[in-house]
Every structure is written in C-alpha cells, then in structure tokens.
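Engineer: What follows is a single structure, and I will ask about it in a moment.
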C-alpha cells in the first residue's frame with residue numbers, strides 16, 4: 001500500500017497540473033482553436049475531472065488502508081469514474097475518426113469540421129457517458145467496492161449473480177470498451193494506409209505537409225495507444241472477477257492495474273509538450289505571465305509591469321503557428 005501511495009500521489013499531482021496547463025492555454029486563445037482541437041480540450045477535461053473528483057478519495061483510502069466513505073461515497077466514486085472514463089475513450093474514438101477523415105487531404109481543399117459540429121459531437125459524448133453512468137442508479141447493473149477496498153467501480157463480481165447484472169456488464173463492455181477500441185484501431189489503420197498511398201505525392205514536393213501529417217498522426221496514436229495500454233490490465237482484471245470471483249487473486253495484485261489505469265490521466269500533457277511546438281511556446285508565455293503578475297509594477301525596458309502583462313496576454317491569445325502548428 002505504501003508503494004501505491006508513493007506512485008499514485010505524484011501521478012495525481014502531475015495529472016492536475018498538466019491538464020490544467022492544457023485548459024488554461026486553450027482558454028486564453030479560444031478564437032484560434034481549430035474545431036478538432038476542441039476534442040483535445042475535452043480529453044483534458046475528462047482527465048482533470050477524473051483526477052479532481054476521484055483521486056482525493058482514493059489517496060485518502062490508501063493511507064487509511066480501507067475505504068473511508070460509506071455506500072454513498074462509493075456510489076459517487078463509481079458514478080464519476082463511469083462518466084469520465086467513458087467520455088475519455090469515446091473522445092479518443094472520435095479523435096481517431098476525425099484524423100482519419102482529414103489525413104491525406106490538403107488543408108485548404110480537404111475535409112473540414114466546423115466548431116459547431118464538433119461542439120455538438122462533444123455534447124453527445126457527455127450525454128452518452130452520463131446515460132451509461134446513471135443506468136446503475138436506475139436499477140440496471142450496480143456499483144460496488146473494488147477488491148482492494150480503496151476504490152469503487154462497476155460491480156464486476158456480480159456478473160454471475162443475476163441476469164440484470166450480467167446484461168449490463170456485457171453491454172457496457174461492448175458499447176463502452178470494445179466498439180470504441182475497434183474504432184480507434186480502424187481509424188489509425190486507415191490513416192497508415194492513407195499515408196502510405198500519399199507517400200509518392202509527398203516525395204513530389206509536398207514534403208512539409210506530409211511531415212506534419214505523420215507527426216500529428218504519431219501524436220494521436222501515442223495518446224490513444226497509451227490509454228488502451230493503461231486500461232488493458234484493468235479490463236483483464238475486471239473480466240477475471242466476472243468469471244472467477246474476487247477471492248481468486250491476492251489484493252495487491254488487484255491494486256496495481258487500478259493504479260496503472262488511473263495514471264493514464266497524467267501523460268497526455270507530456271505528449272502535447274513533445275509534439276506541439278505551439279503548446280511549448282504557450283507554456284513559456286504563460287510562465288512569463290505568471291512571473292510578471294507576481295512582480296510589482298515597475299518600469300522595465302520601456303514598459304510598466306502592467307503593460308508587460310498585457311503584452312504577454314495578447315501574445316498568448318494570438319499564438320497560432322502555421323503550418324507547423326499541430327492539432328488533433
């Protein structure tokens with residue numbers, strides 16, 4: 001348990017800080033966000049939402065060596081986990097489809113998505129996630145404590161107890177896990193095929209755009225595959241409980257996949273930082289804005305402190321690097 005504390009607390013802090021940076025830099029330049037970038041923002045919302053609404057309870061329970069809340073807090077924890085995890089994987093599936101549709105098409109003549117369309121899609125994602133989350137509250141399926149006793153989720157072990165639980169768990173697995181994962185695999189397999197077919201045109205002179213396509217696609221693949229890899233042990237563990245029961249594994253073995261899955265919210269900002277030059281620039285400008293705000297308004301290089309802050313805010317909002325600016 002102590003090792004779980006040492007691993008979980010830093011990843012939770014990194015998740016909150018990293019995704020908060022993504023949201024702040026996006027909020028300071030809303031008019032420059034391309035429509036598909038709204039999906040990246042939505043992914044950051046799911047990650048930071050999970051970290052803020054769930055991780056404090058898990059951390060406190062880990063230190064307490066037992067779940068600190070009763071049935072009501074367990075229900076709340078399971079509800080939040082269902083909403084944010086479902087919204088996250090569906091967002092990744094939609095991101096893959098969007099990348100598939102725009103990959104290989106020239107920026108000015110290819111498929112484009114309007115902000116209104118993407119906003120509507122994001123609304124449907126949250127509606128879909130919320131619907132699956134409230135099903136257990138309405139009597140179909142249920143939430144319960146996980147075997148180690150420091151978190152709550154879908155009551156996987158009740159799969160064989162009744163038709164009600166088995167149909168919910170199987171439907172949830174199909175519509176909120178397998179289908180989104182298949183869409184992700186289909187999308188990026190299709191993207192790889194498109195890039196292979198477009199390789200000749202890239203060689204014929206459109207190298208810069210082709211390089212951007214490959215780099216953006218690699219970033220999207222890393223984000224999606226990272227999510228799948230992080231959650232796969234937890235999915236395998238859940239299916240084990242469905243057919244073998246909770247008592248068939250040591251508690252510590254059941255804890256590790258849970259911690260690994262929850263760590264999936266921390267790494268996306270690092271991927272953005274590595275692959276997106278615009279994000280790195282915005283973070284530097286944001287750091288300058290914070291530093292200027294912490295300093296008194298003293299003249300420097302012909303500008304007052306307030307003038308310097310206004311200049312940094314303006315630069316941050318106007319950051320729109322093209323054509324090397326990367327988006328999903």
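A Cβ is built for glycine as well, from the same backbone N, Cα and C atoms used for every other residue.
Annotations for this protein, taken from TrEMBL, read as follows:
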TRANSMEM  12-29  transmembrane segment
DOMAIN    18-272  domain 'G-protein coupled receptors family 1 profile'
TRANSMEM  41-63  transmembrane segment
TRANSMEM  75-98  transmembrane segment
TRANSMEM  118-138  transmembrane segment
TRANSMEM  168-195  transmembrane segment
TRANSMEM  216-243  transmembrane segment
TRANSMEM  249-275  transmembrane segment
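Tell me about the setting of these features in this model.
Structural biologist: Summarised as a single figure, the pLDDT of the domain 'G-protein coupled receptors family 1 profile' (18-272) averages 82.
Residues 1, 4-5, 8-9, 12, 15-16, 19-20, 22-23, 26, 33, 69, 73, 77, 80-81, 83-85, 87-88, 91-92, 95, 122, 125, 149-151, 223, 262, 264-266, 268-269 of the same chain lie 6+ residues outside the transmembrane segment (41-63) yet bring a C-beta within less than 8 angstroms of a C-beta in it.
Note on the transmembrane segment (168-195): residues 86, 89-90, 92-93, 96-97, 99-100, 103-104, 132, 135-136, 140-142, 154, 156, 158-159, 210, 213-214, 217, 220-221, 224, 228, 235, 239, 242 of its chain, located 6 or more positions outside it, place their CB under 8 angstroms from a CB of the stretch.
Long-range contacts of the transmembrane segment (249-275) within the same chain: residues 1, 4, 7-8, 11-12, 14-15, 18-19, 21-22, 40, 43-44, 46-48, 50-51, 54-55, 58, 146-151, 215-216, 218-219, 222-223, 226-227, 230-231, 233-234, 236-237, 240, 283, 326, each at least 6 residues beyond the stretch ends and with a Cβ under 8 Å from a Cβ of the stretch.
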Engineer: With a Cβ cut-off under 8 Å, give me the same-chain residues at least six positions beyond the ends of the transmembrane segment (75-98) that come close to it.
Structural biologist: 36, 39-40, 42-43, 46-47, 49-50, 53-54, 57-58, 69, 113, 118, 121-122, 125-126, 128-130, 132-134, 136-137, 143-144, 151-154, 176-177, 179-181, 183-184, 186-188, 191, 220, 223-224, 227, 231, 328
